[in-house]
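Trainee: Encoded as structure tokens, here's the structure I'll be asking about.
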Amino acid sequence: MAVDDDLATPRLVDGAAEDVERAAEAALRPKDLSEFVGQKVVREQLELVLHAAMGRGRPPDHVLLSGPPGLGKTTLAMIVAAELGSPIRVTSGPAIQHAGDLAAVLSSLEEGEVLFLDEIHRIARPAEELLYVAMEDFRVDVVVGKGAGANAISLSLPPFTVVGATTRAGLLPAPLRDRFGFVGHMDFYDDGELEQVLVRSARLLGVELVTEAATEIASRSRGTPRIANRLLRRVRDWAQVRGDGTLDLVAARRALEVYEVDHLGLDRLDRSVLEALCRRFGGGPVGLSTLAVAVGEEPETVETVAEPFLVREGLVGRTPRGRVATPRAWEHLGLAPPAGGPTLFD
Ligand SMILES: Nc1ncnc2c1ncn2[C@@H]1O[C@H](COP(=O)(O)OP(=O)(O)OP(=O)(O)O)[C@@H](O)[C@H]1O
């Protein structure tokens, strides 16, 4: 079966939202810690870090937030700045390809400013070294001029706070990780928390969301608020065009059917990964890059967007020899597992 036929269509539930989706997302962002649903542990820890620093009249330690896409890392970074009453500068690892890019940002920071570095694991190496020094000593060393006439100048920076976000904490070099005084691990949300997110978002969107519909959407949102909000907007579209505008159970089910989100919340990419694993590779074990080629995606997309949820749902296992389909995956696809097929212990 051709698993990679129609993957050019943007995913409904992936991590790379388009501009319109980004704007819609921004409108639904909680603005302070009290509005931020779930993540009880991280929220409490962060609250202590922030309030203690505010009490001392100093910027807080640097904060690293790690976890799968769409769980609220950017939202929390904005909340950190709002709680501190500080401005925030937003940039990302891929935007910083040269040490000079980072030096320019650092040297223009105001005292107490929050510097949000999304996808911090993707910062270029030379810039990373500059970041270590800036985070630890509030200093940036720049070289002015070229060749024999080049001069190293050390600029001191006002104290500021880096909030770094990463989907791949394991890829951060230890010296960088160690410079964060607080590391918050974001976890998937439970269905009850996602329902709260949905009820809040429906209120902001000015639409009527029936409780059963909220439950249904939450249960298919893969533990992720971004997906919950996105599905909510698609159900709203269905209700507006095909229904009477109310987001009820029928609207939720029909809309999710149209967008091919199944009862577990798996979308086309997830199912493609499972299909490839079972049908093409007999259940594995198969390496990540081979699997990614089979579904026409980047290995990083498969690893950070599809896989965490498939693993969490017990559909895919990670073994030293590669990914394997679990009996639940075969069952989900309505296929019979091969006799004596691979197991998690292969
Ligand atoms: N705890 C929460 N309560 C309410 N809404 C939330 C929460 N967390 C996230 N959201 C919503 O989910 C959307 C995505 O959140 P956000 O952009 O902060 O995720 P992220 O972890 O930074 O994702 P990425 O790593 O892909 O950038 C936002 O629109 C936000 O409104």
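Including glycine, each Cβ sits where the backbone N, Cα and C put it.
Here the structure is a predicted model, which means the values were calculated and not measured.
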Trainee: May I ask you to find which of Arg179, Arg234, Arg236 TrEMBL records for the ATP site already listed with Leu28, Arg29, Gly70, Lys73, Thr74, Thr75, Glu136, Asp137, Phe138, Tyr189, Arg226?
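Mentor: Of the residues offered, the record points to Arg179.
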Trainee: Among the binding-site residues Gly70, Tyr189, Arg318, Arg323, name every one whose Cβ is found under 6 angstroms from ligand 1, counting any of its atoms.
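Mentor: Passing the 6 Å Cβ check against ligand 1: Gly70.
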Trainee: Does DSSP give Phe138 (ATP binding site) helix, strand or coil?
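Mentor: Reduced to three states, the DSSP call for Phe138 (ATP binding site) is coil.
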Trainee: Measuring Cα to Cα, tell me the gap between Thr74 (ATP binding site) and Arg323 (DNA binding site) in whole angstrom.
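Mentor: Computed Cα spacing between Thr74 (ATP binding site) and Arg323 (DNA binding site) is 30 Å.
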Trainee: Looking at the binding-site residues Leu28, Phe138, Tyr189, which sits with the largest number of other Cβ atoms within 10 Å of its Cβ?
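Mentor: When each Cβ's neighbours within 10 Å are tallied, Tyr189 tops the list.
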